[in-house]
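Comments concern the structure below.
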Amino acid sequence: MASNIYLVRQRISRLGQRMSSFQLNINPLKEPLGFIKVLEWIASIFAFATCGGFKGKTEILVTCSKLHENKTITAAFGYPFRLNEASFQAYPDANVCDVNWKIYVLIGDYSSSAQFYVTFAVFVFLYCIAALLLYLGYTSMYRDSRKLPMIDFVVTLVATFLWLVSTSAWAKALTDIKIATGHGIVKELKPCVGEVMCYFGSVTSMGSLNVSVIFGFLNLILWGGNAWFVYKETSLHSPSSTSASHSQGGIPPPSGM
């Protein structure tokens, strides 16, 4: 028991010594491993910023000849796109054509896809910072270790797969959001029959959301391509040379042979 505690303390001490030996080295930025990581960091920022910061509204023109009213009702929506909570509003009076529009909402809840996409992009952003800190400050420790490059490689493969899943799900949700806030909403509103006439007005441009999808697939390409360069740092790429560099207490070959 005492020997096990001693070994744990010794390992912690060695790790502390390694972590305290921070030395800034910008050479990895000149290599694909570090340069692509910077691109991934920037792309992740655009991915969650263009989606998470979106706010928009859809407008419908309501008229009724009996009361001689002609007003615009508006439903505001945004991230995380719980459209079923976005009720219609009319200013200054909520009642237009004797209809209380507050009880009517848009259709659909796309928060799961949107939040999954944004949350994953934020985690990627944080991981890129940690990876760059490791590449630039602890270059020798990263390349002398067997575990760190392997962990980096596994995380890169998982991130590539999750970029594919999250971006595809978000792209499908965005298509549904455009339908749910477009011309078709007039047919879904029950008051828009008889004497109440409804006409689709406008909807906020979703160009930034289109950009978020583009950056999602860009991240997929970057992480998929970077997997090769991370793989080259692992013992899987050159096991013989790596094992030789990590061997301890090796016996030199006899001379003359």
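Yeah, the Cβs are placed from backbone N, Cα and C, and that goes for glycine too.
Nobody curates TrEMBL annotations by hand; they come from automatic prediction.
Taken straight from TrEMBL:
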COMPBIAS  237-247  compositional bias 'Low complexity'
DOMAIN    28-235  domain 'MARVEL'
REGION    237-257  region 'Disordered'
TRANSMEM  116-138  transmembrane segment
TRANSMEM  150-171  transmembrane segment
TRANSMEM  209-231  transmembrane segment
Exercise. What same-chain residues lie close to the transmembrane segment (150-171): Cβ under 8 Å, and 6 or more beyond its ends?
Worked result: 51, 113-114, 116-117, 120-121, 124, 127, 131, 212-213, 216-217, 219-220, 223-224, 226-227, 230-231, 233-236
For this session: Check the domain 'MARVEL' (28-235) for me and report the mean pLDDT.
Result: 91
